[in-house]
Amino acid sequence: MHELLAAFGKATRDLTRGDILWHVLWPPVVAAAFWGILGFFIWAHGLMLMTQIVPQLPWSGWEWVAHWAAVFLLLAAFASLIYLTALFLVAVVVLPYLIIYVAARDYPDLVRHGENAFWRSLINTLVAGCVFLFGGLLSLPLLLIPGVVLVLPLFWTAWLNQRTFRVDALAEHATAAELTQLVNDKKSTFYLAGTGCALLAHVPLIQLVVPVLTALVFVHLGLAALRQQRQLRGVQL
């Protein structure tokens, strides 16, 4: 738990630095603008699609319930797509800069032993994104069950966070063997970090900084764990 709190503390500190602020803001803004414009043009079609998966009520005069349920599901789908797009932009575009920045300031002793880091990260991000996208869309009807809306989005967001950044944050520094061992040894810690960031992603306004905050948390968490692993093994950092 100490390492997790330390990672969140350092990540929050880094968010206040001026040279990172721009990278905090543009991914969610671009993602929201993209899906906002696209949503304007496909709203009617999307609403019709959602109407097909909403259970129809047999009572006359209650059609409005099905209509607003479809609106709710469509908004939930767009919210997920915005977060997924912002996270993808952070993982592919912003994260390499964050790794260089954080490693130089806090982990200058760590040698980079990663191979094919860009492609490894890209493939990992795409796989995680596809699972999140299809799993989330297929489970949309479950949101109409009372109470599920409080749990299901949190589950998928936490899963996406840890599945994406536990690999991407270490790809440049860790060998394949080191990465596999860290993912296995720190699985519960990574899930807790992903869940903590997922909770913050559902807080208004704070959610704007969550994609980059999540990346920073996992960079600090991963590099600190890699340093400890190499020290225990007695290898060159």
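Using N, Cα and C of the backbone, Cβ positions are placed for all residues, glycine too.
Small disclaimer: the values here were computed from a predicted structure and weren't measured.
Annotation source TrEMBL lists transmembrane segment at 20-48 (among others). Counting only same-chain residues 6+ beyond the ends of the transmembrane segment (20-48), those with a CB under 8 A from a CB of the stretch are 14, 70-71, 74, 77-78, 81-83, 85-87, 89-90, 93-94, 97-98, 101, 207-209, 211-213.
The annotation transmembrane segment is assigned in TrEMBL to 68-101 (among others).
The feature transmembrane segment is assigned by TrEMBL to 122-155 (among others). Note on the transmembrane segment (122-155): residues 50, 53-55, 69, 72-73, 76-77, 80-81, 84, 87-88, 91-92, 163-164, 167-168, 171, 195, 198-199, 202 of its chain, located 6 or more positions outside it, place their CB under 8 angstroms from a CB of the stretch.
What TrEMBL lists as transmembrane segment is 205-226 (among others). Long-range Cβ contacts of the transmembrane segment (205-226) within its own chain (Cβ-Cβ under 8 Å, at least 6 residues beyond either end) map to 3-4, 6-8, 10-12, 14-15, 20, 23-25, 27-28, 83, 86-87, 89-91, 94-95, 98-99, 102-103, 106-107, 110, 161-162, 165-166, 168-170, 173-174, 178, 182, 185-186, 189-190, 193-194, 196-197.
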